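Let me begin by presenting the structure, written as structure tokens, before commenting on it.
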Amino acid sequence: KGTIHLFRKSQRSLFGKLTHEFRLVAADRRSWKILLFGAINLICIGFLLMWCSSTNSIALTAYTYLTIFDLFSLVTCLISYWVMMKKPSPVYSFGFERFEVLAVFASTVLAQLGALFILKESAERFLEQPEIHTGRLLVGTFVALFFNLFTMLSVRNKPFAYVSEAASTSWLQEHVADLSRSICGIIPGLSSIFLPRMNPFVLIDIAGALALCITYMLIEINNYFAVDTASAIAIALMTFGTMYPMSVYSGKVLLQTTPPHVIGQLDKLLREVSTLDGVLEVRNEHFWTLGFGTLAGSVHVRIRRDANEQMVLAHVTNRLYTLVSTLTVQIFKDDWIRPTLSSVPIANNILNLSDHHVIPMPSLKAADNLNPVTSTPAKPSSPPPEFSFNTPGKNVNPVILLNTQTRPYGLGFNHGSAPYSSVLNQGFGIPGMGATQGFRTGFTNVPSRYGTNARGQPRP
């Protein structure tokens, strides 16, 4: 039972929500270029798939998958523009930057799945190699190469540009870098052309086109159809080796791990924060990559009881904000508790004693009036311990048996010598505190003086 809304707005379907968000992205003129490239990409993919079917070349099919990957990269670029337009909401308090991370991860994983499909088809073709028609093989190769390079160099894809630089190098990039060093050692003028780390997408496009050109020449010269299958395997391995480091990097971002290259800087900043005035401890720190180039984190800071919370918060935020853009700092003051002695008597059935007495301990405030002889109490002005441990026996009330002898230092307690007949009833004997009192036991047949036997006669 609740309020009846007569004119409640109907909920949008999933398709309606996607249409609304697409219109939001299409309203920006920067996305028109991406939409145009996406339409051309679909037309190019259609022609390439028809030529792959007419030539019966699996190597050209593997190279066409790179063009399909370009379509995924264009969709990722549109998602990046959509993320820039959206603002954080109560549901997504950190914003929508993780959507472009998810788009990059999905695109690279789909490219690897396509490479695995090509490897599976190539293994089947080794058993029965079909005939390859080279009529449109070379044409399809140059069309795919031109469109891939034109798309990669014309559209600025921010997510993939960041991932290609931040992720570890692929084995293809490493081999090309070694070859470039050898060439630049012979011809130093080429060092400006052969960069130490080439763009992995441009590199795989050029390498795939080179493999297809070699395939075309060997089939035209010697009718060696098996080279098409070998070229398909080579293109699939290059695709898998290029996309795998990007999948690993984007996957670690999705798992909220701390980037390895900022761990040293974070440790340095945390050490600086721990030395600030009023800060006692920095704990429960957690830092992770929210999006590409965006670091988020949370930290708990324990401060002194007399410290200014706002001042400490401002200093901590100022130190960490240079590296962590989205930061959550929780300030709490020191919560140590001064231990107190309990003066409540214990129950009579705890020790099962017949005549025991409980003497309450004097409070800490009366320590100035004491004149101790054998022990020195703690000073009231000394700081209490910073941590309080649950030590066994900490909160147990002291039990002191009654004695009639007066202690020499006059605390007002009566400690006298009890008769031996009552010692057994009490269960325990209290050692004497004077200079002339000896150690007494709880047995009645033991003499009260050393050096005498049971009959009271001196020993020989």
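Don't overthink the numbers, they just go from 1 along the chain as shown.
In case you wondered, yes, glycine gets a Cβ from its N, Cα and C as well.
TrEMBL lists 32-51 (among others) with the feature transmembrane segment.
Positions annotated as domain 'Cation efflux protein transmembrane' by TrEMBL: 35-255.
For 63-84 (among others), the entry in TrEMBL reads transmembrane segment.
Within the chain, the transmembrane segment (96-117) has long-range Cβ neighbours (under 8 A, six or more residues past its boundaries) at 62, 65-66, 68-69, 72-73, 75-76, 79-80, 82-83, 86, 88, 159-160, 163, 236-237, 239-240, 243-244, 246-247, 250-251, 253-254, 290-292, 294. Annotated transmembrane segment per TrEMBL: 96-117 (among others), in sequence order.
Proximity of distant same-chain residues to the transmembrane segment (137-155), defined by a Cβ-Cβ separation under 8 Å and at least 6 residues beyond the stretch ends, is recorded for 33-34, 37, 40-41, 44, 47-48, 51-52, 55, 57, 60, 63-64, 66-67, 70, 73-74, 77, 199, 201-202, 205-206, 208-209, 212-213, 215-216, 219. Sequence annotations record features per position, and here TrEMBL assigns transmembrane segment to 137-155 (among others).
Here TrEMBL flags 201-219 (among others) as transmembrane segment. Residues 57, 59-60, 62-63, 66, 132, 134, 137-138, 141-142, 144-145, 148-149, 152-153, 160, 164, 172-173, 176, 225, 227-228, 231, 234-235, 238-239, 242 of the same chain, all 6+ positions outside the transmembrane segment (201-219), place their C-beta atoms under 8 angstroms from a C-beta of that stretch.
Sequence annotations record features per position, and here TrEMBL assigns transmembrane segment to 225-244 (among others). Distant neighbours of the transmembrane segment (225-244): 57-59, 61-63, 65-66, 108-109, 111-112, 114-116, 118-119, 121-122, 125-126, 129-132, 170-173, 200-201, 203-204, 207-208, 211-212, 214-215, 218-219; these residues of the same chain sit at least 6 beyond its ends, with a Cβ under 8 Å from one of its Cβ atoms.
Per TrEMBL, the feature region 'Disordered' maps to 371-392.
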